[in-house]
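In what follows, a single structure is set out as structure tokens and then discussed.
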Amino acid sequence: MKNWKTLLLGIAMIANTSFAAPQVVDKVAAVVNNGVVLESDVDGLMQSVKLNAGQAGQQLPDDATLRHQILERLIMDQIILQMGQKMGVKITDEQLDQAIANIAKQNNMTMDQMRSRLAYDGLNYSTYRNQIRKEMIISEVRNNEVRRRITVLPQEVDALAKQIGTQNDASTELNLSHILIALPENPTSEQVNDAQRQAESIVEEARNGADFGKLAITYSADQQALKGGQMGWGRIQELPGIFAQALSTAKKGDIVGPIRSGVGFHILKVNDLRGQSQSISVTEVHARHILLKPSPIMNDQQARLKLEEIAADIKSGKTTFAAAAKEYSQDPGSANQGGDLGWATPDIFDPAFRDALTKLHKGQISAPVHSSFGWHLIELLDTRKVDKTDAAQKDRAYRMLMNRKFSEEAATWMQEQRASAYVKILSN
């Protein structure tokens, strides 16, 4: 299940979300700065949204309302893509292939199965790749621009970490859907009142049993509107503070709001709740190593053979590991300490080094191991379980604050970009 913080970045990581068949020259739906949104763009995404909705059993509003939402989404995408072009943001084929492989994996498909499914749904694979590339560029631009505007202070981290440690519901996760009734920059009192009345009307409809997803698609100005407002799973502390406070006593099925923020009025639906315990005890390893780096005077094979010779001398008692490390190791940070790396969690090491280390028993010396640094001889001295409660809570608090502030700032940033762009809608 995707986490809502990923969804807020706007990447449509679902296998059947793509524009349809290759586009031809057609009418312009909107002019966006020095670019355009074509009618075929709108029609393609309309087809995709309807396909997704049909497969998910999601109700949709009338075509005119749906088209408006889709056009606004494409206008915003065009604005951000233009920014990415000016910034020189590129997505390599390797990055794109890895992203698509991850999408296939998330949907429990092989790549061949994904291609077949796209073809079955009438979606062109080449066009699908291009759209995923665009979405990755949009995500990178948004992440870079929004994160530059965010500051997380140490005292904020300490305060939230303390709160996490004392709250009984710190591990509670919620599955939410969201509707945003947007306000323009510097709204008038009349605009605020109109938006509030509309939000209150939507809340009443939702509480009377109206389909929340359809309401989101119809009215919401949020980037997830076309997905029925679905935000997915996340912890309450990861939400903006005004949301977290309103949801502190919420139950499954509750409609919460309207909640006023700087960008408009928010309505939330609690689709589900769950508890998730978090282990904060970690295993640390105490290891030492001898590193030989291949060079013009010592190739890979010679380095490996030299380490085998050193290992044999250690095991026969001709020398000790510490003495050999001081004599031969080319790691300046540990050689003088007899190769001692101190206590650390295995995940800080090079993957090849880490994998070899975690397979060793206490007191065991590895065979020569090749990593990105060279060739290693590794000895596992000891392991221990360490209570990392305080550090884990602070790390968790920092990530929650980043996610919370990103969510708040991203909405403001997108509103600013939309307001400052030249946009002319040419069709209805």
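Using N, Cα and C of the backbone, Cβ positions are placed for all residues, glycine too.
Marked as signal peptide by Swiss-Prot: 1-20.
What Swiss-Prot records for 171-272 is domain 'PpiC 1'.
Using DSSP to sort the residues of the domain 'PpiC 2' (282-382) gives these counts of helix, strand and coil: 39 helix, 31 strand, 31 coil. As annotated by Swiss-Prot, domain 'PpiC 2' applies to 282-382, with the evidence given as sequence analysis.
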Could you please provide the mean pLDDT value for the domain 'PpiC 2' (282-382)?
95
Within the domain 'PpiC 1' (171-272), count helix residues (DSSP H, G, I), strand residues (E, B) and coil residues, in that order.
40 helix, 33 strand, 29 coil
